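Heads up, the thing below is written out as structure tokens.
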Amino acid sequence: MAVFNGSHISFSFSQLGSAFGEHVTPTALENGRLFTYNAEVAKQLGLNESELTSEAFRAILSAEQPLAGRTPFAMKYTGHQFGQYNPALGDGRGVLLGEWRDADGTLWDWHLKGAGKTPYSRHGDGRAVLRSTLREYLASAAMTGLNIPTTQALAMAISDTPVMRERIETAATLLRVTESHVRFGHFEYLFYSQQHEALGTLADYVIARHFPELAEAEKPYAALLQEIVERTADMIAQWQAIGFNHGVMNTDNMSILGQTFDYGPYAFLDDFDPGYICNHSDYSGRYAFNQQPAIALWNLSALGYAFTPLVDKDVINDILGGFEHRLQVAYSRAMRDKLGLSDAQPSDSDLFNQLFALLEGNQTDYTCFFYQLSQYRGDALLTAGTLNQFKSICQDTQALTEWLSAYQQRVHTLDDSTRLACMQRTNPKYILRNYLAQAAIEAAEKGDLQPTHDLMTVLAHPFDEHPSLAHLANPPTDDNKGLALSCSS
Ligand code: AMP
Ligand code: MG
């Protein structure tokens, strides 16, 4: 099909040379078939339904055919995993297929995850299972709907290829698209392997392709590091405000664009639990929800170290020193929006601390609380009806009443409609809860895609009401809480 060939497809990364990875031939899925695709993402790329349901696209997605005749490329990177440097990483089961230019001129990497073994597979089989692939597919849409920077998932294929994990599962592929697949670990690899010329080449490539305005800066490499620090701070602020726990914040899972990257055992908080650890393989809680800001800085410091051949050490330290302030400003802004506070007042930190204590003490569902709060005008906050509505998610009525009074006082000078409008575009009704993802996976494994489609509908517009799908806003029952999630994928 002509659209999968042509001059809008290029492959600049693969032309950087052998220091950056290796050309590979993927291993096709057995009986690979299109499972689902994201029509919104397709539209961004300029693809329509008939193209996505074509034989040509099925063959690309099933790793049978390359994109535009270009040999796929496995990227080399390393990184710090749980604090330890691992030199043996790289695209072990995913390959870059090429770069796709959309109608606006934006270049999108096409990356096929689960396409078979590569030189970096180590002992792995090069495959991804339906379960983990669908989790990434759903999370990419969820984050997009929440306006949080993320990679996108264009489509998924399923197959008859058996894959051994804790049990036998079937292999799937995910076609991930984003402007860059460069991770912190790409820079770490070239630094630790002392390929410092190539390190400069990578920085030049990233600037030219993603941040051309930085080429004009007095010190472009320092400006690049600064940009990555700022984007990462902004992204983490949004994770903390929405209640997202990534789970595996290794430096090879950190994007230089500040996008949420590599979805593994992630979770959105149900009950507000600051120390929540979604990854059951994370025994020390290194990647717990409330550790994410500190870990992001740790990861940026690892990146900063890899920048030492390019940027003066003092400058690097100054740039890293700006992270905390940037994050704090972005986080405060995001949290004030959640409460509809258009201005900042010194007493706000007390209001927030009391709120966090209330939510934690009552194991209150984080998303439900803010959604509910965004439904009431100031004068209705303390009525019996309102308190009754909160009862199912917050048992301590006295503490709740105290906090709502303080909040009522705080907002009584603000315009109610403006406050509620702000809150209603900030506090989603729908969030990708693990029990919902799990239900979609179990149905999908039996060939039923309806739960996936329903979830995608609400996740694409999580601030809307969707009355016929309102059950998808329910917090988990006690049985559905705390589903075990491992790194196995
Ligand atoms: P991840 O946990 O998905 O971030 O992957 C960490 C590293 O392990 C990366 O280098 C992956 O490419 C590699 N990897 C993960 N799963 C597999 C697999 N099934 N086969 C080969 N390599 C894998
Ligand atoms: Mg990874």
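Heads up, the Cβ atoms here are built off N, Cα and C, so glycines get one too.
Features as listed in TrEMBL:
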type	residues	note
BINDING	GLY90, GLY92, ARG93, LYS113, ASP125, GLY126, ARG176, ARG183, ASP262	ATP binding site
ACT_SITE	ASP252	active site, proton acceptor
BINDING	ASN253, ASP262	Mg(2+) binding site
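A map of TrEMBL features onto the structure.
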{"residue": "GLY90", "record": "ATP binding site", "contacts (Cβ under 8 Å, 6+ apart)": "GLY21, ALA74, MET75, LYS76, TYR77, THR78, THR118, PRO119, TYR120"}
{"residue": "ARG93", "record": "ATP binding site", "contacts (Cβ under 8 Å, 6+ apart)": "LYS113, GLY114, ALA115, GLY116, LYS117, THR118, SER121, GLY124, ASP125, GLY126, ARG127, ALA128"}
{"residue": "ARG176", "record": "ATP binding site", "contacts (Cβ under 8 Å, 6+ apart)": "GLY94, ASP109, TRP110, HIS111, LEU112, LYS113, GLU136, SER140, THR151, GLN152, ALA153, LEU154"}
{"residue": "ASP252", "record": "active site, proton acceptor", "contacts (Cβ under 8 Å, 6+ apart)": "TYR77, THR78, GLY79, HIS80, GLN81, ASN86, LEU89, ARG183, PHE184, GLY185, ASP262"}
{"residue": "ASN253", "record": "Mg(2+) binding site", "contacts (Cβ under 8 Å, 6+ apart)": "GLY79, ARG183, HIS246, PHE261, ASP262, GLY264"}
(message) Given the recorded positions ASP125, ASP252, ASP262, return the subset with CB under 6 A from an atom of ligand 2, ordered by sequence, or none if empty.
(response) ASP252, ASP262
(request) Please find which two of GLY90, GLY92, ARG93, LYS113, ASP125, GLY126, ARG176, ARG183, ASP262 have the most distant C-alpha atoms, given that the record lists them as binding ATP, and give only that distance in angstrom, rounded to a whole number. (result) 22
(message) Based on a Cβ-to-ligand 1 distance below 6 Å, what subset of the binding-site residues ASP125, ARG176, ASP262 would you report?
(response) ASP125, ASP262
(request) Using all protein chains shown, find which of the binding-site residues ASP125, ASP262 scores highest when you count other CB atoms within 10 A of its CB. (result) ASP262
(request) Can you see whether DSSP assigns ARG176 (ATP binding site) to helix, strand or coil? (result) strand
